[in-house]
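See structure below.
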Amino acid sequence: MSIDVNNESGTEVDEQAILDIARYALARMRIHPLSELSVIVVDADAMEQLHIQWMDLPGPTDVMSFPMDELRPPMKDDDEPPQGLLGDIVLCPEVAERQGKEAPTQHSMDEELQLLAVHGVLHLLGYDHEEPDEKAEMFGLQAAIVDGWRAEKGLTGPSPAPTVS
């Protein structure tokens, strides 16, 4: 799995953890091991510009996903996963820090960025949260992936509660 993390934000973030949790999420979703993903970490000004340009919404947001080949997880266990370019995930540590502090289970900026990386991966794979049933599916899957990764890493304490709506 080729995953690049490029921090352009000027904020120190745990790039290795973002890489690790993205890799874990893609493996858990059975994405082809030769697929490619890019994660870019930007400051609030850059994120605001992307948010306005692509969503026509003011202000910075926490995470944006830009799919390329529209890869989807295999439907059956014996299906061969497709290979390709997943796309780009853009994260904003300034928004992540605020959300981590405001979350029901307060957590660090890095923990929020890990959660957002999984959220971005799921969006690249076609998951959404516009409708209540879609939201339940996506957020349930997101929690299972984050919990599984945290358990594998031996991390204790409550998992970050979703702050993405």
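Every residue gets a Cβ built from N, Cα and C, even glycine.
Listed in Swiss-Prot:
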type	residues	note
BINDING	His119, His123, His129	Zn(2+) binding site
Exercise for review: Other Cβ atoms within 10 Å is the metric here; tell me which of the binding-site residues His119, His123, His129 scores highest.
Suggested key: His119
Point to revise | Conformational class of His129 (Zn(2+) binding site) under the three-state DSSP mapping | key: coil
